[in-house]
Amino acid sequence: MSFDLIIKNGTVILENEARVVDIAVKGGKIAAIGQDLGDAKEVMDASGLVVSPGMVDAHTHISEPGRSHWEGYETGTRAAAKGGITTMIEMPLNQLPATVDRASIELKFDAAKGKLTIDAAQLGGLVSYNIDRLHELDEVGVVGFKCFVATCGDRGIDNDFRDVNDWQFFKGAQKLGELGQPVLVHCENALICDALGEEAKSEGRVTAHDYVASRPVFTEVEAIRRVLYLAKVAGCRLHICHISSPEGVEEVTRARQEGQDVTCESCPHYFVLDTEQFEEIGTLAKCSPPIRDLENQKGMWEKLFNGEIDCLVSDHSPCPPEMKAGNIMEAWGGIAGLQNCMDVMFDEAVQKRGMSLPMFGKLMATNAADIFGLQQKGRIAPGKDADFVFIQPNSSYVLTNDDLEYRHKVSPYVGRTIGARITKTILRGDVIYDIEQGFPVAPKGQFILKHQQ
């Protein structure tokens with residue numbers, strides 16, 4: 001058989017091992033894995049490189065339509081491709097209107113036409129005002145529903161995202177359980193975090209340490225514990241977003257051991273930044289839950305290596321620079337990070353701490369694809385989409401603002417020495433990013449809908 005593409009001599013991350021092996025691609029799919037596979041129209045030599053499944057980033061905010069001046073599909077998905085992401089799962093908030101019904105998700109589909117460099121799946125929102133319309137988003141094909149039990153949304157904008165109270169969460173979870181959809185939750189205690197934040201601001205306590213103190217670990221743990229119990233009673237599968245504390249992870253582990261269907265994610269910034277660095281970097285490193293101290297970070301690494309965290313995600317949530325001006329308590333909370341998930345974590349987890357390549361592949365791609373039912377994604381295996389990223393190990397560079405593809409070229413990682421590089425990203429058999437050529441093809445990304453899987 002003649003193939004479209006053969007990738008030769010790379011160290012390939014397979015599901016349970018990593019070895020030097022060749023990959024054949026035909027019609028955008030992985031056709032064969034082995035040696036001496038035959039002829040191909042194109043042969044790529046990956047000698048000295050790690051060939052990983054393309055990252056499945058299960059937590060990305062693209063603010064188009066309505067707030068494309070924050071981040072748009074064109075810039076956001078180019079940055080993703082440059083960072084080795086081939087599929088993103090897009091959050092239902094930051095854009096206007098929020099993605100809470102059929103009409104709003106159709107606006108997103110229209111806004112993205114001709115702009116997607118990578119593939120994208122969608123999450124619907126569970127908010128205080130759409131519980132009777134959740135079925136609309138399920139019918140369209142979202143792969144899950146996101147909600148906040150922390151305060152969110154601009155109360156001055158009618159169609160912005162909104163948090164839910166316990167009753168709304170419970171009723172929504174019941175309906176999502178009936179639909180077979182997971183609920184994803186931002187877990188912080190709204191009343192306590194809001195009160196502590198207002199108290200700090202009124203007393204002039206506005207440093208990074210003050211911000212972290214206003215959102216203490218117990219506010220995350222309490223919220224996780226609460227939604228675990230409510231989701232269990234409601235009969236709904238649960239996914240905890242961006243866990244920032246080992247104590248929070250322990251709640252998920254305990255629930256799993258008791259038989260509950262629950263998964264969780266965390267983000268690179270909780271593993272490579274700490275509160276002291278947050279103080280130095282300033283508002284660009286503000287997010288919620290916050291970046292905590294070094295002892296907390298050490299505990300998170302332990303949980304990651306123990307296999308208690310299912311996947312790593314960017315939680316890419318940028319904004320215009322003026323919204324990061326002023327003191328930390330007043331600035332927008334969100335990190336621009338999707339371009340540097342894979343290289344930073346390959347350096348920190350694999351090269352510096354000895355994580356196995358198969359575990360890295362699961363954390364960056366396989367587990368997220370499985371959790372959200374993306375059956376063609378997340379694995380280098382025959383029949384799957386030919387989505388790959390080439391990683392050059394032990395190749396250091398210093399990240400600059402000019403390296404970034406975001407709408408606004410800022411990131412808390414600027415100035416960081418990163419010890420690995422993404423050299424090529426391939427989506428369904430086509431190179432969508434190359435370190436020498438840039439972006440050699442027109443945007444070819446597609447939306448992935450649940451019922452098409």
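Numbering starts at 1 and runs along the chain as it is shown here.
From the backbone N, Cα and C atoms, a Cβ is placed for every residue, glycine too.
Keep in mind the model is a prediction, meaning the values are calculated, not measured.
Features reported for this protein in Swiss-Prot:
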type    : residues                     : note
BINDING : His59, His61, Lys146, Asp315 : Zn(2+) 1 binding site
BINDING : Lys146, His186, His242       : Zn(2+) 2 binding site
MOD_RES : Lys146                       : N6-carboxylysine
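Known features from Swiss-Prot, placed on the structure.
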residue	record	contacts (Cβ under 8 Å, 6+ apart)
His59	Zn(2+) 1 binding site	Ile89, Met91, Cys241, His242, Glu265, Cys267, Val313, Ser314, Asp315, His316
His61	Zn(2+) 1 binding site	Glu71, Glu90, Met91, Leu93, Asn94, Asp315, His316, Ser317, Pro318, Gly334
Lys146	Zn(2+) 1 binding site	Met91, Pro92, Leu93, Leu123, Gly124, Gly125, Leu126, Val183, Leu184, Val185, His186, Cys241
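The Cβ centroid of Lys146, His186, His242 marks the Zn(2+) 2 site; residues of that chain outside this set whose Cβ lies within 8 Å of it are His59, Met91, Phe148, Leu184, Val185, Cys187, Cys241, Asp315, given in sequence order. For the Zn(2+) 1 site, the Cβ centre of His59, His61, Lys146, Asp315 serves as reference, and the other residues of the chain with Cβ at most 8 Å from it are Thr60, Met91, Leu93, Cys241, His242, Val313, Ser314, His316, Ser317.
Reduced to three states, the DSSP call for Asp315 (Zn(2+) 1 binding site) is coil. For His242 (Zn(2+) 2 binding site), other Cβ atoms within 10 Å of its Cβ number 23.
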